[in-house]
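Peer 1: Handing you this structure, nothing more for now.
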Amino acid sequence: MKPCHLLPCLNPSFSHRWFFGRHPSVRVRSFSAIKPQMTSEYYTFGPYKISSKEVFYTTPLSFAFVNLRPVLPGHVLVCPRREVKRFVDLTAEETNDLWLAAKKIGGQLEIFHKASSLTFTIQDGPDAGQTVPHVHVHILPRKAKDFKNNDEIYDAIDEKGKELKQKLNLDQERKDRSLDEMTQEADDYRKLFSIPDSLFL
């Protein structure tokens, strides 16, 4: 009896197909490894629509997307799919999923950006600096001396948020980073969550 063969094949959309079977007859088993199954063209982030092109990681309860105005390279946001204004209003399942997603994403982005640390932060409510009424975690890869005083990063996040609140209007075109630039970044990040071929060899 000949051994079972395992032949990985990646297509450009990052959907992995694995071929199992004895040569020459091959059975096909297919599953999506990293590209989220988009149910619509947009994700809802408070009153705003986030193009699926900007989203690089999804779970059944959370999604992560690149930032229109990043404070540092790799500054991304993770939020629950359900529109929830305050952290206390998340279900236990949503809370667990959000933080597990943040943990996984942070670990990959730290390596990708050759950083040495991570900042995770939530501005929970308007008086805490929340500018979009939808719970979200900021994840920022950190390097030595990226800010003169380490805690200045929180002021920078607040300032970017205030600028966005003034500029992001549903009837206005985004004029900060281009969609093409954000799409390319999201494409790069999606590759970080592929299933390593080495696990299947």
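Yeah, the Cβs are placed from backbone N, Cα and C, and that goes for glycine too.
Note that the structure is predicted; figures quoted are calculated from it, not measured.
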Peer 1: When you get a sec, could you say which of 34-38, 59-63, 69-73, 134-138 is annotated motif 'Histidine triad motif' by TrEMBL?
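Peer 2: Of the candidate stretches, TrEMBL labels 134-138 as motif 'Histidine triad motif'.
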Peer 1: Listed substrate-binding residues N67, Q123, G129, Q130, T131, V132, H138 - what's their greatest C-alpha to C-alpha distance in Å?
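Peer 2: Max Cα-Cα spread across the substrate binders: 17 Å.
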Peer 1: Could you state the whole-number distance in Å separating the C-alpha atoms of N67 (substrate binding site) and H136 (active site, tele-AMP-histidine intermediate)?
Peer 2: 12
